[in-house]
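*Asks:* Sharing a structure, written as structure tokens. Questions coming.
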Amino acid sequence: MPVITLPDGSTRHYEQSLSVLDVALDIHPRLAKSCIAGRFNDQLIDACDLLSVDGKLQIITPSDGEAVEIIRHSCAHLLGHAVKQLWPETKMAIGPVIENGFYYDLDIESPLTQEDLELLEKRMHELAHKNYTVIKKKVSWQKARDTFSKRGESYKIAILDENIDSSDQPNLYFHEEYIDMCRGPHVPNMSFCHYFKLQKTSGAYWRGDSKNKTLQRVYGTAWSDKKQLDAYLNRLEEATKRDHRKIGKTQDLYHFQEEAPGMVFWHENGWIVFRELEILIREKLKEYEYQEVKGPFMMDRVLWEKTGHWENYSENMFTTLSENREYCIKPMNCPGHLEIFKQGLKSYRDLPLRMAEFGSCHRNEPSGALHGLMRVRGFTQDDAHIFCTEKQVRKEVSNCIKMTYDIYQTFGFKKIAVKLSTRPEKRIGSDEIWTQAEEDLASVLKEQGITFELQPGEGAFYGPKIEFTLYDCLDRAWQCGTVQLDFSLPVRLNAFYIDENSERQVPVMIHRAILGSIERFIGILTEEYAGFFPVWLAPVQVMLINITEKQSDYVKKVAKNLQQLGVRAKVDLRNEKIGFKIRQHTLYRIPYILVCGDKEVESNQIAVRTHSGKDLGSFSVNVFADKLLEEISSRCLH
């Protein structure tokens, strides 16, 4: 006789087992109509699942946060339903939910074209608008295997054989004649799956292994209502306009080519942006009293075996042979910094020792995962490592956080999510050390008034960490900064200092990154600003243009004066119409366009326009230069 407790604290007593949907109907018919699933004793379950014991129940409706993930999962099944109707010989692999949508991997005879994708989406809409009931059946492992064997679904059989214990009872979901397998929950009927859009296809290896067959991956998005779907599609359209790969090409920032996949060819304009970021970071390094060092980009495999990287990370490392020795191109800077720390005896008086590097790192990312500047093989880390005593941890972490926020605010990022990851089951170090370390990190965050999300068990085996995630103008999340405590690496590489009692002690090592990868951060900034870099970052800060040839000498003179002041100024003396030149440089997103005609020459002035097309009027060269230099030195965002 289940007693069901509802979110408002009220209880309902029932004489027999009943489904989530039955409870919703008992409360109100309208609630039953909008019931997608249930949360019973903190576990999501299907609307058709029976409740036979006492517990707390929340009816999940489209307005609840959990609903959209259930809808997306069911849309993946809907995609499978439509695929099997259009191309019956297709074998279905996996169809999980991902951020903002879902995908399904298909073993299909011919690659899907854009026309195929449109046809598939149309069929999905036709099926969804039938509002048919989705039937769930919990069956034996053998029954599930027999079902998919009869249908020739070899990938589903592989999942059963390799991932599901033969004593388990898998869930089968019936979409009319189509059958799929899933943990669930799923929608009770297809009336909840009307707001979706198929987006693209790509290749994907079965099980993510390049030795396996390449499948067709179809991506889609799905939402609870039309308003949410339209808003997301509008954000996607805006993201396309802001795509750093497109802007990088139009602004001549960088390029990639087949001979060096995932490695950036920086052009002059892009390298200027890169160097400006380095200058900013170097200023902060000086302010926070760091040493800047430079380690080798390649070291003997023996060292990486000592650190544990070879055992856990070798497949992501590039290697090379020379004189019968195997070398690894470094994927990270930390071992090199430890080796520098070990040179010369260190005393407790030398600590904290803060060591920073713009380290050139390489990681052997899968070619299919490479994506412009956002996912590369060769990148530069604004990496630092702090060696300190346990008593110094709190102060050093506090300074790391302050430095991180200082830099993020320079770029105008206001929404920053912070996560604190604590001890995992498998770890090194005593519980006492972990407790102290976790308390130190949490206390520092609280002292600075920073709200954070606790992630129990998500820390690395060698120490807890703080992660900083930036949200851009399109509300996309970019995980950039980290502050990570490390109890392991100094022990592995025999690093020590002499304490006040003349005894050896192992230092605490703090890994600290703010931008993460400079390449990736430039990609993020390019999209955040849509290529309209603030003046201090802009590759070309000022473009001077003449109206006729008569003003050429004056334009050159003004440009030279600005260049001598450190301004990145260029001239355009082409024999083109003034409107054409203004439009072109506006498209290049140059912050200031200075127009010089006879009037400006006579008055020793310049007519100033912004990259948005706004006419600021005429200024004397000196007044404009003072204003511009103030914008640059203050790193003004506007």
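Glycine is no exception: its Cβ is also placed from the backbone N, Cα and C atoms.
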*Asks:* Looking at the Zn(2+) binding annotation from Swiss-Prot, with Cys334, His385 already listed, which candidate in His244, His255, His267, His511 is the matching residue?
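*Replies:* Record source Swiss-Prot; matching candidate: His511.
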*Asks:* Including all protein chains shown, what's the count of other C-beta atoms within 10 A of the C-beta of His511 (Zn(2+) binding site)?
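*Replies:* Around His511 (Zn(2+) binding site), other Cβ atoms within 10 Å: 23.
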*Asks:* Under the DSSP assignment, what numbers of helix, strand and coil residues are found in the domain 'TGS' (1-61)?
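*Replies:* Taking each residue of the domain 'TGS' (1-61) in turn, the totals are 13 helix, 24 strand, 24 coil.
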*Asks:* Enter the number of other CB atoms within 10 angstroms of the CB of Cys334 (Zn(2+) binding site).
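*Replies:* Its Cβ shell of radius 10 Å holds 25 other Cβ atoms.
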*Asks:* Around the C-beta of His385 (Zn(2+) binding site), how many further C-beta atoms are within 10 angstroms, looking at every protein chain?
*Replies:* 27
